[in-house]
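Colleague: Structure incoming, see below.
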Amino acid sequence: MPELPEVETVRRGLEPVMTGQRIIEADIRRPDLRWPLPANMQTRLEGKRILRLARRSKYILAELDSGETLIIHLGMSGRILIHGGQAPGAFHHALPSLEKHDHVVLDFDTGARVVFNDARRFGAMDLCETTEIDQHPMLATLGPEPLGNAFHEAYLTTRLKGRMTPIKSALLDQKVVAGLGNIYVCEALFQAGISPLRKAGRVSETRIASLVPIIRTVLGDAIEAGGSSLRDYRQTDGDLGYFQHRFRVYDRENAPCVTAGCPDVVRRVVQSGRSSFYCPSCQR
C-alpha cells in the first residue's frame with residue numbers, strides 16, 4: 001500500500017497540473033471502488049476549479065471552488081497518472097487510450113488529463129464539505145502528521161507511555177501518528193537501533209528523542225527519491241520510485257546487515273499480520 005512518501009510524491013506531481021485549473025469533464029467509469037463513489041460525482045466535479053491540493057496522512061485532498069473537497073485514497077494498487085497538457089509550442093501527443101482499470105478520468109481546461117487507475121479497487125474517493133473535512137470518517141481520528149510540528153518527542157513519549165503493544169504496532173496506529181506504514185517504520189526503527197518487538201512503553205525517553213528526527217529523515221529521504229516501488233506504485237509520470245534501492249532492512253530477509261562489522265543478517269518476523277524486518281544484533 002502506498003505510504004506517506006508515495007502519496008506526497010503523487011500530490012507534488014499533481015499540484016502544478018491541477019491547482020488553479022478547471023475540470024471540464026469528469027468520466028466516472030464505474031459506480032464504486034472499495035466503497036460506492038459519491039452520489040452525482042460527475043456533476044459535482046465538472047466545471048469546478050481546484051483551489052488547493054493538500055495531503056492528510058495517506059489521503060490527497062483537492063479543495064474545489066464549490067465549497068467541497070475531493071478526498072482520494074490510493075488503496076493497495078491505486079495510481080494516478082497525468083497525460084497531455086503540453087506547454088504552448090510543444091509537440092502535441094494524442095492522449096493514450098483508456099485502460100480497463102482506469103476508473104475515474106478528469107479532463108482539465110489546459111488539455112491535461114488525470115487518470116485514477118486501480119486494478120484491485122481498494123482505493124476510495126469521496127466528496128465532503130470543505131468546512132467539515134476534519135470530521136470526515138476517514139480523517140477524524142488521525143493522529144498528527146509525522147512531518148508536522150505537533151509530532152515531537154514530548155507527544156510521542158506521552159502516547160507510548162504504558163503501552164504494552166510492540167513499538168512497531170504503536171507507530172503503525174494511525175491514531176498515534178498519521179501516514180506511517182510498514183516500510184518506513186521498519187527503516188526508522190533500524191536506524192534508531194530499536195527492535196520492533198520491544199514494548200512501546202519500555203522505549204526510553206532518550207531513544208524516543210532520537211526516533212522522532214529519524215522518522216522525519218527517513219520520510220524526507222523517501223519523498224526526495226519519489227517513494228518506493230515494490231509492486232503497483234508509480235509516480236504521476238509513470239516512473240518508478242527509487243527509495244527501494246536504499247532499503248537497509250525492509251524486504252532484505254537473510255541479507256547481511258549493512259552496519260559495518262555486524263556479523264548478523266536481517267531477520268523477518270510477522271507482527272499483526274505484517275512482516276517486520278530487523279537486525280537482532282543492532283536493534284534492541
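Backbone N, Cα and C define each Cβ position, glycine as well.
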Colleague: With His101, Arg163 listed by Swiss-Prot as DNA-binding, which of these, Arg113, Arg120, is given for the same site?
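Modeller: Answer per Swiss-Prot: Arg120.
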Colleague: With Swiss-Prot as the source, identify the stretch among 26-62, 174-210, 248-284 annotated zinc finger.
Modeller: 248-284
Colleague: Calculate the distance in Å between the alpha carbons (Cα) of Arg274 (active site, proton donor) and Arg163 (DNA binding site), and round it to a whole number.
Modeller: 19
Colleague: How big is the gap, in Å, between the Cα of His101 (DNA binding site) and that of Pro2 (active site, schiff-base intermediate with DNA), rounded to a whole number?
Modeller: 18
Colleague: Across all the protein chains here, work out how many other Cβ atoms are within 10 Å of the Cβ of His101 (DNA binding site).
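Modeller: I count 17 other Cβ atoms within 10 Å of it.
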Colleague: At a 10 A cut-off on CB-CB distances, which of the recorded positions Lys58, Arg120, Arg163, Arg274 has the highest count?
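Modeller: Highest number of other Cβ atoms within 10 Å: Lys58.
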